[in-house]
């Protein structure tokens, strides 16, 4: 039999928003994973892609395997996915696993549901490269900040009353409609919110740049005088404006929740949920797709009309966006992040220093295993030889295969495992 458990060498994406050199968790993991890699001190290391995506198919680090990449190997050995996964996802690995190191904000964006993805892909294949949906989940490795979903209406109304520049862009009629919308009529609230957000996003370029400059000037002066600018979300506004001067995305901070995650906390981003990552390091897992509808904080193609049409305009507090892991009933060292979509699940495996032998259990799904800390020697009946595991190691594990870890680190181990539990 060919080895069914093997190490991977994964692709790094050097997007400009990434953390630079060894400040980046991505760079640190890559450098520990492969001592031959030279980390460039002035280069951004934004994303590590662990999966079969055509723009970043992982290389197989096992010279007994004829296939060069994981994508080729799965295509030739689709049973490795597990019977249910293979049937449900037409012989493809249904998820892409990543590490992100965010230094400056990513664009304000949302991902379409399957229906809209198919339509956008048919009409504009150059901007929407496939017909799949793209739910995603981010799990913080370091304190992590992002914007996600619409704020409770009372918070937005408070900004409309404290930030005259915002009110000017939206216009008096739309602002008053949102102020009058009652909590007893959720559809009315969503409709008013849609009007306000669409008016903001479609405002005339020269007009919003003038208003933004006035706002930045006012808040800078207030901050210099030592005044409290939190009523205008001043600190975040100045930070985003310094990263993307003159960008309409700066105003979205008045509509979207600011979500702060501590290490181990997660946020799930369903279809049509507006979001933007702002700062920090995380592991991320998503359905295999590249469909992103953008609307600001970006030099890339923006599609304001599609975005404003598709968004989920249901206001909710930021606390509702945080997804907590549930400790596994079967193994106290495993914590499950199980989002409301079938495409992926993530396990956080925390092995204390007192445990010297640990079994990574077999599941009925292919999985990808990432070592964040600790060292061990891994053995598996499905592996060609024993595998040395350390920070930055990435393993592909076929369905129904297990791995015995012989731990050698004084402070235990932390691993993340992405899989598909149908």
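Just so you know, glycine gets a Cβ as well, placed from its N, Cα and C.
Under the heading active site, TrEMBL lists 294. The Zn(2+) binding site feature in TrEMBL is assigned to 109, 111, 136, 275. Summarising the annotation, TrEMBL assigns domain 'Phosphomannose isomerase type I catalytic' to 5-153. For 169-256, the entry in TrEMBL reads domain 'Phosphomannose isomerase type I helical insertion'. If you look up TrEMBL, you'll see 336-376 marked as domain 'Phosphomannose isomerase type I C-terminal'.
Cβ-based neighbour count (10 Å, all protein chains) for the residue listed as 'active site' stands at 22. In terms of Cα distance, the binding-site residues that sit within 10 Å of the residue listed as 'active site' are 109, 111, chosen from 109, 111, 136. Those same-chain residues not listed among 109, 111, 136, 275 yet with C-beta within 8 angstroms of the centroid of the Zn(2+) site C-beta atoms are 110, 134, 269, 273, 292. Applying an 8 A CB threshold to same-chain residues 6+ apart, the list for residue 275 (Zn(2+) binding site) reads 108, 109, 110, 146, 147, 148, 149, 256, 269. In the domain 'Phosphomannose isomerase type I C-terminal' (336-376), the DSSP tally of helix, strand and coil residues is 0 helix, 21 strand, 20 coil. On the 0 to 100 pLDDT scale, the model's mean across the domain 'Phosphomannose isomerase type I catalytic' (5-153) is 96.
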